[in-house]
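What TrEMBL annotates here:
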type     : residues : note
DOMAIN   : 79-138   : domain 'Potassium channel'
DOMAIN   : 169-251  : domain 'Potassium channel'
CARBOHYD : Asn77    : N-linked glycosylation site
TRANSMEM : 6-26     : transmembrane segment
TRANSMEM : 86-105   : transmembrane segment
TRANSMEM : 111-131  : transmembrane segment
TRANSMEM : 161-182  : transmembrane segment
TRANSMEM : 194-212  : transmembrane segment
TRANSMEM : 224-247  : transmembrane segment
Amino acid sequence: QISWTSLLVLGYLFYLLLGAMVFQLLEKQAETHFRDQFQLEKLKFLQNYTCLDRQALEQFVQVLMEAWEKGVNPEGNSTNPSNWDFSNSFFFAGTVVTTIGYGNLSPSTLAGQIFCVFYALFGVPLNLAFLNQLGKALNAHLLTLERWVQKPGRAQVQCQFTILAIFLTTGTLLFLVFPPLVFSYVEGWSYGEGFYFTFITLSTIGFGDYVVGTNPNKHYIPVYRSLAAIWIVFGLAWLALVFNVGADLMERYLQLKWHKSDLSLAEGDTTKLEDEPEQPRIHIPS
C-alpha cells in the first residue's frame, strides 16, 4: 500500500504539473502575440526614423533594460523622486525581511549587496519570530472572543465555527477587500489589479509586476509606502494563520479519507476471509 507521505508527494507533483499546463495554455499565446507586436513596433519605428539602424535601436533598448533592472523607471525625466529616499528604503527593507522580493528594485553597489545579504540573514528569522508573536497575540484575542461568545447550552463546535467565521470575515475585509479600493484610487489600477497585487504581496509571492508608489507621473504622500509596509506586516500575520488553518484542515481531511479507505479495504478482506469455507488443515509430522 502507498504510504500517506508518498501520496502527499504525488499529489504535490501532480498539482505542480497541472499548474504548469494551465499557465502554458493561458499565457503562451498571449506572450507570442505581445512579442510579435513588439517586433512590429520596432520595425515601424525604424521606418519612421530612417536615420537609425537596427543596431542603434537594439543598443537603446538594452539601455532601457539595464535602467529598469537598476530600478530606474524609463518614463519621466531626471526629476523623478529617488527610489532610495527613507520611505522607499523602509519599504524595500520590509520586502527583504518578509521575503517578498518584488524584483523591481535591488542594491546596485557591492557594499549594498553585501549588506543586503547579512541584513536578510538576520532579518528573516527576526521577521519570522515577530510574525510568530503577532500570531500568538491574534490567537489570544480569538480565545478571548471565543469565551465572550460562548454561552451556556451552546455547542463548542458552533462557537468555534462562529469565531473562525468572524476571524476570516474581518481579516478579509481589512486585508483583501478594502486595500484594493485604496490602491485603485491612488495608483489608478482596476479593482481586479489591486486585489491581485494585494494577494500576491501578502502571500509573499511578489512577482513585481505591480508595486505601489512607483508611478513617476503620480505624486505620493511621503509616508505612503511606509504605511503600505506596515499593512503588509499585519496582513502577512493574518494570511499566515489562514494558510496554517487551511493546511491543517486539508491534511486532516485527506488523512481521514485515506484511513477510511484503508479501513474499508481491511474490512473487505476480513469479510472475504469469513465468507470463504475453511480449508482442511494438513498436519505435517516432524
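Each residue, glycine too, has its Cβ placed from N, Cα and C.
All TrEMBL annotations are machine predictions without curation.
Confidence across the domain 'Potassium channel' (169-251), taken as the mean pLDDT and rounded to a whole number, stands at 88.
Cβ atoms under 8 Å from those of the transmembrane segment (161-182) belong to residues 142, 145-146, 149, 189, 191, 194-195, 197-199, 202, 231, 234-235, 238-239, 241-242, 245 of the same chain, restricted to positions at least 6 beyond its ends.
Spatially, the transmembrane segment (194-212) is not adjacent to the transmembrane segment (111-131); fewer than three Cβ-Cβ distances between them are under 8 Å for residues at least 6 apart in sequence. DSSP places the residues of the domain 'Potassium channel' (169-251) in helix, strand and coil in these numbers: 59 helix, 0 strand, 24 coil.
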